[in-house]
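Worksheet: one structure, shown below.
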Amino acid sequence: MHDAPAQRKRRRPGRIGPLPRSSRFARLKLLIASACAALLATLALPPGAAHAQTVTSNQTGNHNGYFYSFWTDAPGTVSATMGSGGNYSTSWRNTGNFVIGKGWSTGGRRTVTYSGSFNPSGNAYLTLYGWSRNPLVEYYIVDNWGTYRPTGTFKGTVTTDGGTYDIYQTTRYNAPSIEGNKTFNQYWSVRQQKRTGGTITTGNHFDAWARAGMQLGSHDYMIMATEGYQSSGSSNITVGGTSGGGGGGGGGGGCTATLSAGERWDDRYNLNVSVSGSSNWTVTMNVPSPATILSTWNITATWPSSQVLVARPNGSGNNFGVTIKHNGNWTWPTVSCSTG
């Protein structure tokens, strides 16, 4: 409730000169006090509050340097607040299904770091979440969950970042996706022991999936997500990270090389390499034995040894590719990039 505004005092007729000195001094003190009060109010705001954005409807966008995605099939039961940098918070009550998070508009081999809190009551996941196209795949690297631990067709395990993850594959039929209602596979890495915070080296999961015959296509978005289903709860997560996680990317000296999957056959596979940060670059690729490189395109290639490729631009742009004969080793090569 607000008090009724006081009536404005009318100015005395005939006064057109300056205010008396005592009145001017009182007015100056009032202005200083008001400025101090405004400053203190600003300082009292929680970090990021001045840049916070509340989201309650399905959308994607960019906020404070990070991509975000908000999707729900039950509007009105979940909301998110986009905080400073990679921070976001969620609150949901008796919801249907939702996925909310911050990350990157284009995923890939990244070393993702995150911290925060995750407090579900019912079925929910705290997960690195993303999509690829051609093939269309929805993937999860699950670090924490509520009452239900996701499962599926067991494909093996991968040990990375201080823990062991079980690998599963499932299929969804005529379900919502980034390409509309489609039938598509889901890939899962589910940590055996829950945690809320740490590092996720995505390339190690991608390599383990590939060894199990679970191939990704070209990356769409990737977010550190909170997902809930017929549950209630809250989360507050801050995400960060760098490109080149695991065996598939590297940077230094002003450029970064990032690997992504190409076509795959029984005995060999293609990798695409994208270079950013410079058009005058040198990429060094180290191939794990006994795998070998069969061919390359869009580069000038030299071979310091049978397991090392040095690639330089040949006028075809900043993207090139290689065909690798795996010889029983499906682990992707590592790459590093330097300018000049």
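Just so it is clear, glycine is given a Cβ too, placed from its N, Cα and C backbone atoms.
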Matching range for Swiss-Prot feature annotation, region 'Disordered', among 1-20, 101-120, 181-200: 1-20
Count of other CB atoms lying within 10 Å of the CB belonging to GLU138 (active site, nucleophile): 22
Secondary structure content, the domain 'CBM2' (248-340) (per DSSP, counts of residues): 1 helix, 61 strand, 31 coil
Alpha-carbon distance [GLU227 (active site, proton donor); GLU138 (active site, nucleophile)] in Å: 13
